Each structure stands twice: as structure tokens, then as C-alpha cells.
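Novice: My questions all concern the structure below.
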């Protein structure tokens, strides 16, 4: 039985995610306990084949509008709310899966999944984007130097359900409003959110490999 990881391909940086997952499969196939495959997802028929879904960075407003206008929103909503499925939202994807937005909330109809409040464009305009070396070794073994790229990135301003949502990583400092810069979190063991772009870490698949091992394979084996 093959475990299928889908990458939502309505808009955004989906090809980079596909390539990183493909690289994980090629380099680590002997260490994964299940056979894996990856595919792009543009409609409900493709989504129905998936065990996990990565929602990429891009433009959350465009993503939301495309899903609604094509009649895909309800299928996405049902998928991500299914506890047997795994969901990972990166940057715009994190915005799209969150329950609340603190700004520009009328522009995005979210999937109302991750129990947090998110601030869009917390790092300013694209010219202010940057790559920061982050120590993720508290949750990814030996990953103390990951190049995390933030592009007009959101942050989690508030965790609405601390019982089920675990903060994985905060950047040093605070935003202009005095809020902590929470940039990675998980909900239970099947929902992951990152405000940065692990798929833009060239030739570095550590984050995707961890996602596959800790979310996809563990959830599938239940």
C-alpha cells in the first residue's frame, strides 16, 4: 500500500514542495516503513487519492478565491478536518488553515482548522524578506542550523486552544505590536503550520523528512 502525499497546486510554490518530497523518497526510501508517492492536487478527485496534504506558500487570498470559485473549498475543508488525514500549511498555507486572522480577515475564507490567530504579512513587504538560520533541534534531531526563509510571512499571534496546539518555535524578539513571533506550531499529531518556506532550503530536506516521519507515517500507522 502506497502512502500518498498531495501538494495543493492551485497557486504558489507547490513545485518546490513536490521536489523536496521526491528527494526525501529517493534518498530515504530504505528507511521509511511504507512506500510513498507525491502528487499535485488541483481537484477533488486528486485530493481523494491523498493521505496527507501540503498547502504551500503563495497568496492566501488567491488560493481562497480559486478554491471557492471552482467549488473545491468544501472538499478541502472536509479533508483537512478528517482526523485520519495529515495537513501542513506553509506561509500562505498557514494563513489558509488558521481559525482566525487578526488583519485583512475579509480577504480570506480560511479552512478554520488550526486553533490560532494569525497576523498576515507580519514581516513587512517582500523587500524585507530574509533567510534566518534557526535551531530546530528541540523537535528535529540534529537540526540546529536550518535556513528558514520568510517571505511576507505571517506569525501566530495567539494560540486559541493551548491544550491541543503546541508551539514548536519562536523567533527572538517581538513584532511592532509587542507580540511574540511564533513561526511553527502543531495541532495534535496531524496538523503542522510553518510561517517560513522549508521548500526553499536548497538541497536541505530535513524539515520535509521530519514531516514525513513524524506526521505522515505515524498518523498512517495508527
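Every residue, even glycine, has its Cβ placed from backbone N, Cα and C.
Pulled the feature table from Swiss-Prot, pasting it below:
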ACT_SITE  91  active site, nucleophile
ACT_SITE  197  active site, charge relay system
ACT_SITE  199  active site, charge relay system
BINDING   58, 59, 60, 120, 151, 152  L-glutamine binding site
Novice: Provide, as an integer number of angstrom, the distance between the C-alpha atoms of residue 197 (active site, charge relay system) and residue 151 (L-glutamine binding site).
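Specialist: Checking the Cα atoms of residue 197 (active site, charge relay system) and residue 151 (L-glutamine binding site) gives a distance of 8 Å.
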Novice: Out of 91, 151, which of these recorded positions shows the lowest number of other CB atoms within 10 Å of its CB?
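Specialist: Result for the recorded positions 91, 151: minimum number of other Cβ atoms within 10 Å at 151.
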Novice: Cα of residue 120 (L-glutamine binding site) to Cα of residue 199 (active site, charge relay system): how many Å, rounded?
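Specialist: Per the Cα atoms, residue 120 (L-glutamine binding site) and residue 199 (active site, charge relay system) stand 20 Å apart.
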Novice: Measuring Cα to Cα, how many angstrom lie between residue 60 (L-glutamine binding site) and residue 199 (active site, charge relay system)?
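Specialist: Their Cα atoms are separated by 17 Å.
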Novice: Looking only at Cβ atoms, how many others are within 10 Å of the one on residue 197 (active site, charge relay system)?
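Specialist: 26, counting other Cβ atoms within 10 Å of residue 197 (active site, charge relay system).
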Novice: Inside 10 Å of the Cβ of residue 60 (L-glutamine binding site), count up the other Cβ atoms and send me the figure.
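Specialist: A 10 Å sphere around the Cβ of residue 60 (L-glutamine binding site) contains 29 other Cβ atoms.
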